[in-house]
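A.B. asks: Before anything else, here's the structure in question.
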Amino acid sequence: MKALAKLERGPGLTLTRVKRPEVGHNDVLIKIRRTAICGTDIHIWKWDDWAQKTIPVPMHVGHEYVGEIVEMGQEVRGFAIGDRVSGEGHITCGFCRNCRAGRRHLCRNTVGVGVNREGAFAEYLAIPAFNAFKIPPEISDDLASIFDPFGNATHTALSFNLVGEDVLITGAGPIGIMAVAIAKHVGARNVVITDINDYRLELARKMGATRAVNVARESLRDVMSDLHMTEGFDVGLEMSGVPSAFTSMLEAMNHGGKVALLGIPPAQTAIDWNQVIFKGLEIKGIYGREMFETWYKMVAMLQSGLDLSPIITHRFAADDYEKGFAAMLSGESGKVILDWTA
């Protein structure tokens with residue numbers, strides 16, 4: 001089958017031919033329709049330090065997808081040939097304390113599709129049936145293919161009550177932008193997002209941001225004053241991994257505020273702990289998606305009017321993957337979709 005793989009230890013990916021995956025007793029085989037390019041895939045493309053330490057070579061990658069079940073293992077129940085599915089990209093052990101307690105997103109033995117094992121940038125993907133998730137017919141293939149990052153945004157944004165609250169989001173990547181739409185959809189009052197990328201800040205405005213702030217030109221404090229915010233933000237969603245963004249967030253939080261961290265800052269990042277301790281801030285680390293509560297919430301929000309369509313800005317045939325990665329690398333894109341049926 002055709003697949004997009006890391007064949008050698010260096011930058012780039014190669015469209016190649018690989019063996020179609022075998023299907024275990026508890027697996028489903030998915031014929032891929034669409035995939036989306038993730039920031040993780042950009043790290044793999046660039047072959048940065050993280051990728052060099054993490055990605056086995058050779059291996060085909062990718063973990064954001066939608067497709068159709070074409071084969072099932074003999075032990076699989078609850079699915080049928082022809083079901084349209086996306087799937088949870090974190091494969092968990094099922095035996096550790098968190099898995100057995102129903103907290104699979106906290107599994108200490110997680111294996112990542114397209115990171116630690118063969119991925120979805122291919123004509124077929126085999127995964128455990130437990131990880132597959134049926135997509136309702138009213139949700140398009142394009143939207144279904146971005147359920148993985150949409151789930152990151154949902155898990156982060158819904159970690160705390162947002163109804164009537166003022167929300168600060170630092171980092172206008174696709175996940176941060178989707179978090180804007182989620183926060184407004186569930187009833188936040190002011191949703192302010194910061195970045196230095198004007199293209200993506202404009203996308204955030206289209207997704208409903210109260211203010212999209214280029215912090216290279218505009219003061220967050222001035223924006224807060226314009227919005228008549230006298231006490232600071234109630235909820236912070238840190239999506240960038242940029243130390244200065246996290247610092248500014250802590251300074252802008254109200255006493256008793258709550259912060260969810262999805263962005264990954266450098267290991268030795270220092271912060272002013274006085275901002276945390278004396279403000280009584282609650283800080284929560286976010287990884288992946290809750291299995292499968294996050295997935296059900298994603299579907300429910302889309303079915304109740306959440307519009308994520310502006311975040312998908314580019315579409316290419318899978319054979320034109322280099323154009324897709326170029327769009328992502330330019331910084332002037334939202335989500336980029338690759339069509340494996342074209």
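Even glycines carry a Cβ here, placed using N, Cα and C.
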A.B. asks: According to Swiss-Prot, H63, E64 bind Zn(2+) 1; which one of C38, C93 is listed for that same site?
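C.D. replies: Zn(2+) 1 site check in Swiss-Prot: besides H63, E64, the record includes C38 out of C38, C93.
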A.B. asks: Can you find which of I175, I182, I311, I312 Swiss-Prot lists as binding NAD(+) at the same site as D195, R200, L262, G263, I264, I286, Y287?
C.D. replies: I175
A.B. asks: Hey, how far is C38 (Zn(2+) 1 binding site) from R200 (NAD(+) binding site), Cα to Cα, in Å?
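C.D. replies: Between the alpha carbons of C38 (Zn(2+) 1 binding site) and R200 (NAD(+) binding site) there are 15 Å.
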A.B. asks: How many whole Å apart are the CA atoms of C96 (Zn(2+) 2 binding site) and Y287 (NAD(+) binding site)?
C.D. replies: 17
A.B. asks: Where does I175 (NAD(+) binding site) sit by DSSP, helix, strand or coil?
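C.D. replies: It is helical.
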A.B. asks: May I ask which of the recorded positions T40, E64, C107 is closest to D195 (NAD(+) binding site) if we compare their C-alpha atoms?
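C.D. replies: The answer is T40.
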A.B. asks: Which whole number of Å gives the largest C-alpha distance between any two of I175, D195, R200, L262, G263, I264, I286, Y287, the residues noted as binding NAD(+)?
C.D. replies: 23
